[in-house]
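Right, one structure below, let's go through it.
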Amino acid sequence: MKTDKTTIKRAERTKIPEKENKTAQEIREKEALGEVLKGAVTAAELLEAAAKAGENAYAPYSRFRVGAALLSETGKIYTGCNVESASFSPTCCAERTALCKAVSEGERRFAAVAVIGRTEGKSQFGFCPPCGVCRQLFREFCEETFRVILAAGDEKDGKFRFSEVKEVTLGELLPQSFGANSWETAEQSADKSADKS
Ligand code: THU
């Protein structure tokens, strides 16, 4: 490609002004929020359900209220919040609460999860990616393509606005992971040796 002065000038002329750029970004975000994930559930609805679930958080120690909304392959939403303990380590994250609720209802396959974490008393919130323990429990039931939807935004009078939306896969969050297919039981190993002889 030619990179002489004329080319550079042309490129400068076609540069999108900052204001237009913002509009384009907002449109992209709206499209992302409107995307149907499974059945009739959109990313916006899943984020909204996560934000609402966070209102039930029991977080007197961290004062960080997290909500998760997990979407099963059957198109049902299971929500969860974080539940803390005075002795700290029994604390259960919002994602694991939602996952255990769903599994206990008979679900085993999942398409996506949305997570919203907010500091008590603050209207603005940033992205809240799942912790390592939750990633590992998702690994038990979900494919590498399982979608993790995060958002930053603010809350006013109980209404949530998601100004930035980010999506990652479980494979990206937990690469080279250990799972049920990563090891061989003593029985499987014995069967293999028997097949050889
Ligand atoms: N927490 C979650 O519920 N999910 C996350 O993804 C990150 C952390 C909770 C655990 C604890 O109650 C509080 O947030 C502070 O770590």
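Here the Cβ of each residue, glycine as well, is placed from N, Cα and C on the backbone.
Those TrEMBL annotations? Automatic predictions, nothing curated.
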Looking at TrEMBL, Cys131, Cys134 are annotated for Zn(2+). Which of Cys81, Cys92, Cys93 sits in that same site?
-> Cys93
Could you give me the DSSP helix, strand and coil counts for the domain 'CMP/dCMP-type deaminase' (41-181)?
-> 41 helix, 52 strand, 48 coil
Excluding Cys93, Cys131, Cys134, please set out which residues of the same chain place their CB within 8 Å of the center of the CB atoms of the Zn(2+) site, keeping sequence order.
-> Ala94, Glu95, Arg96, Pro130, Gly132, Val133, Arg135, Leu137
